[in-house]
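Participant: Below you will find the structure I want to go over with you.
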């Protein structure tokens, strides 16, 4: 049994000598001999005003944990020794990232998974979809006679084997899943098979649904259960002609005409796949414009290149209020209702329909009622440190939630970053993740990527906080590498503060946009100003020079090279 009953004190070497005695007095006292009320009195007597901000934060975190542990031990609601330092419920990308970082920090770790290692991303999401998009990209190149002719290339008619394409996606998912599983085992992470349920403070039961299962205890618990496709009411999914992204990734058939409900990341990527393989696509979007989640200027350009020239039409400002699968020779029938008047506007008959209306958190059956936690639209409420908040607004000690289940940012790499942030905290180092520094990408051809605020969001923030914003842009048509590839269609856009050089947002549409965005996201994460990043050197000729020119074109009134203020967590 691994004992974790005594919390580690903050690193006193980082504090001033005059403060160490008080900290050591508190931290070395055995928990069982430290009455809760007495501890509170010692805390109240501690002179925080004499500490700098960094010192004070370390001490506050340490003392807060002492209070929680003392209170729990006194009430007898939680174990005083633990099977594990950390138990993670869910072995998707978020849970896997947290587990690896926990091992690096020396924590005895277990991960509970009731389905398959890798979660949605690896098995039914970003990994197999990239395999399909790789095929669609090559098909587009081979079918674009004008583009090939400009490069001096002659190719006869290109075709594809549907089953081989589907096998490529499935094989990639299997390979990555095995890699993740082997990495966990190699590092000594215990993989506990079954559905995880929280039975009480620092206690988790796992096993098959309906069976008694086994219970383990942990000093800290992370919920990382992810999400599932969201299907609106009135839509009947049969998995064959009316499908979600889970089914579409199997590519069991390529319909002549498919309706895609939703024009966000998922819908756009599948439109790229289906049109490259020969399908006609109809978008059904509830809002007044396609791609509503993107910066409006990028959406407009993307529509001109990704939608208008292709076999794609669309209906905006309508809901798909009823969808009936194909049956007995009849097509899929879609009832379209006006989003404003709520009146039935039209009916479509198509070969298939893909429901790409987003994702819903997978949080049922977690035993949240055992710890007084109520979900909000299915999401588990957390604070900026991913600590779970109960129904009374109080923090649940030693319980965290990361990834899609908390709804802060439903991206696989965001879940991983949140998990790493949590592990930092439970290891004694306070850490708050700046979500505005997390990039996102849509892997169409060409790609779309973004980080930070859109222009409307930035203008709203500027008006509220009383500062000005400026916009800088650069075109891929001015980039040597893009022109060499005959891929000059593209735009990079920078939203920034001209008074201090703070980067508020960067949006890219063009060749390899998903790779280019990270220079901007890292700059935001590190608080790097435009004044400083202008001096970065980029290899020539490369696509990275698109960002180089973008930053150099920005006009900043201040020439100070001081670090910007700390990033704000959202």
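Cβ from N, Cα, C; glycine included.
Note that the structure is predicted; figures quoted are calculated from it, not measured.
Heads up, here are the entries from TrEMBL:
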ACT_SITE  540  active site, proton acceptor
BINDING   130, 196, 225, 226, 227, 404, 410, 411, 412, 413  FAD binding site
BINDING   262, 263, 264, 265, 266, 267, 268, 269, 285, 358  NAD(+) binding site
DISULFID  121-126  disulfide bond
DOMAIN    84-419  domain 'FAD/NAD(P)-binding'
DOMAIN    438-549  domain 'Pyridine nucleotide-disulphide oxidoreductase dimerisation'
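For each feature listed, report its degree of burial, its nearest neighbours and the pertinent distances within the displayed model.
Facilitator: In sequence order, 172, 443 constitute the residues six or more apart from residue 130 (FAD binding site) in its chain with CB-CB distances below 8 Å.
There are 23 other CB atoms within 10 A of the CB of residue 285 (NAD(+) binding site), with all protein chains counted.
Around the Cβ of residue 126 (disulfide bond), the same chain contributes 412, each under 8 angstroms and 6 or more positions distant in sequence.
Residue counts for the domain 'Pyridine nucleotide-disulphide oxidoreductase dimerisation' (438-549) under DSSP, split into helix (H, G, I), strand (E, B) and coil, are 41 helix, 29 strand, 42 coil.
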Participant: By the count of other Cβ atoms within 10 Å, pick out the sparsest of the recorded positions 121, 266, 268, 410, 412.
Facilitator: 410
Participant: Could you state, as a whole number of Å, the largest distance between Cα atoms of any two of 262, 263, 264, 265, 266, 267, 268, 269, 285, 358, the listed NAD(+) binders?
Facilitator: 15
Participant: For the recorded NAD(+) site formed by 262, 263, 264, 265, 266, 267, 268, 269, 285, 358, which further same-chain residues have Cβ atoms within 8 Å of the site's Cβ center?
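Facilitator: Result: 260, 270, 291, 356.
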Participant: In sequence order, which residues at least six apart in the same chain have a CB under 8 Å from the CB of residue 225 (FAD binding site)?
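Facilitator: Those within reach of residue 225 (FAD binding site), by Cβ under 8 Å and sequence separation of 6 or more, are 89, 90, 196, 361, 362, 363, 366, 403, 405.
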Participant: Could you give the mean pLDDT over the domain 'Pyridine nucleotide-disulphide oxidoreductase dimerisation' (438-549), rounded to a whole number?
Facilitator: 97
